[in-house]
Amino acid sequence: MQRTRARAWLYVVLTILLLIVMTPFLWMVLGSLKSQAELLQVPPTWLPENPSLDNFTRLFDRLSFGRYFFNSTFVAVCVTAGNLLFCSMLGYALAHLSFPGKKIIFGAVMGTLMIPGLVVFIPQFVLVVNLGLADTLAALILPFLVGPFGVFLMRQFFLGLPRDLLEAGRIDGASELGIFFRIFLPLAGPAMATLGILTFLASWNNFLWPLVVAATERTYTLPVALALVSTGQNQTDYGLLLAGACVVVLPILLVFLFFQRFFIEGIASTGIK
Amino acid sequence: MAASAPAAAGAPRKPRSRSVTRRNASEARAGLLLATPFLLLFAVFTVWPVLQSMFMSFTDTRITDIRTPFAVNFVAFDNYAQALSDPVFRRAALNTAIFVVVGVPLTMAAGLAAAVALDKGITRFRSVFRMGFYTPVVTSIVAVAVVWRFLLEPDRGLVNNVLAWVGLDGPNWLGDTRTSLLSLIVMAVWRNFGTSMIIFLAGLQAVPWSLHEAAMLDGASPWRRFLNVTLPILRPTLLFVMVTTTIGYLQFFEEPFVMTQGGPLNSTLSASMYTYQQFGFGNYGLAGAMAYLTFLVIVVVTIIQFRITRES
């Protein structure tokens, strides 16, 4: 009896907390459907009086958010593909093959996990400028094509697969690369899903680097465009801003909802965001 | 190489050892081949920048040297000395310290409370709560900033209107030096506690239910069981969350960058934010030194945290 009551209270508290946590998102979606006049009302309204998609139309017609949406997606897909392929290749080699320099490579890659982003930021910028890549999508992709986190995750996963698979492949006469691509890689689905989602998410939300490197509308990504709109001449156009926030947030929320099982499991197993 | 040793041992075993040699050689070749694409990109875009920024921090590199990054003057520790004696940088370091000291425990406490409630307290809708609490983690800080700035507005903002219902007069959260940093800390806790919750949830799986049952037979209250059963087993997880959250918070950057630009009156300026501003001013050498100072603090703080938690 006492336990059921305690549990009921816990549900109440958790629901209130959930509402508080979700309020900014609710506010964002509801606000994006309101007119400027309604958004300026004091006290604010909750539900839009005359819901309209006008803010979204302006976003895509006047501000070419379609282009930025494409850029964000293209960059995120390339970065994700690169991480999946290259990190799993090195992760497998570190887990199951012996080759010269292996220990040094592992140490060096893991060592960079602790280095703050700002340490590499300026030289990366100098490098991209000197390679003639400033203001290109390539400059938004190349520095993020591989990363230590992916190697760590894939190595841990491949260590968990039995080495007998390798021996069996060799006895069957498969080549070393064939063993990786045809035996080990197809088994790595769950780890690849985790790495893929986390990488896609990080790339989609990446903000500072593209803000500095993307100089013209051709290369803007969604967060860059939204940041510039929110500090530019439209900064008091709240409806436009909230609609922009929706366009940045909602696609990734859908991806998250769809893949949340991998998300949660993957993060829990590696312990790193 | 080690592979050549068995090949030299005795004639009868020769055929087999030759195949072992060949296999080891092809294994090493495959390993290097698989490592090469990663290592090339990693060397160019990570290792090289790490070394170059260390070099830069000991020179007077400015934006005008961008095409000739090595035709610069060596200035030894001048940049480091300049950073440490700069009152604005000190203020930024203090703000960052406050953010870490207040923000890390709050984030961990919120994450742990949510994890414990979801793990043992409730049975239904667990995944709904889990997902809801994790949602802020996956959303873009730029979008979050747009919404939060709106919510925190002094007159039109939802927060102050809610406070007005209960008769309270809310401050100008982001515009007042007394509440600006606090607002950003609350926002950071909101945005990050989901991560620690997920890791704590995984850690709680390691707490065997039989221990709880034994403690219950001894008449231990839920609170006592939490202190004496759950927490000790959760120690490695606590350490891990503390270290990773601290490393993240020491680089406190995005919140002030998108919410306040460090203002008002530098009350939310963080060390990383100021470093970035120096980059913006073209002082690459100085910015490099500041970035390395942050790195140094991260290393020292991490070592201290490992020491303390191992001893006690």
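Every residue gets a Cβ built from N, Cα and C, even glycine.
Automatic prediction, not curation, is the source of TrEMBL annotations.
As the structure is a computational prediction, the values presented were derived from the model and not from experiment.
The compositional bias 'Low complexity' annotation in TrEMBL covers B:1-12.
What TrEMBL lists as region 'Disordered' is B:1-23.
Taken from TrEMBL, the feature transmembrane segment applies to B:32-51 (among others).
Taken from TrEMBL, the feature domain 'ABC transmembrane type-1' covers B:93-305.
Taken from TrEMBL, the feature transmembrane segment covers B:97-119 (among others). Beyond its flanks by at least six residues, the transmembrane segment (B:97-119) meets 126, 129-130, 133, 181, 184-185, 188-189, 192-201, 203-204, 226, 230, 238, 241-242, 245-246, 249-250, 252, 270 of its own chain at Cβ-Cβ distances under 8 Å.
Among the features that TrEMBL reports, transmembrane segment is placed at B:131-151 (among others). Counting residues 6+ beyond its ends, the transmembrane segment (B:131-151) has Cβ neighbours under 8 Å at 114, 157-159, 174, 187, 190-195, 197-198, 254-255, 258-259 in the same chain.
Among the features that TrEMBL reports, transmembrane segment is placed at B:181-204 (among others). Counting same-chain residues at least six beyond the ends of the transmembrane segment (B:181-204), those with a Cβ under 8 angstroms from any Cβ of the stretch are 95, 98-99, 102-103, 106-108, 110-112, 114-116, 118-120, 130, 133-137, 141, 144, 148, 152, 173-174, 230, 233-234, 236-238, 240-241, 245, 248-249, 252, 255-256, 259-260, 267-268.
Residues annotated as transmembrane segment in TrEMBL: B:225-250 (among others). Beyond the transmembrane segment (B:225-250), the same-chain residues lying 6 or more positions past its ends with a Cβ under 8 Å from any Cβ of the stretch are 96, 99-100, 103-104, 107-108, 111, 116, 188, 192, 195-196, 199-200, 202-204, 206-207, 211-212, 215-216, 271, 294, 297-298, 301-302, 305-306, 309.
Taken from TrEMBL, the feature transmembrane segment applies to B:284-306 (among others).
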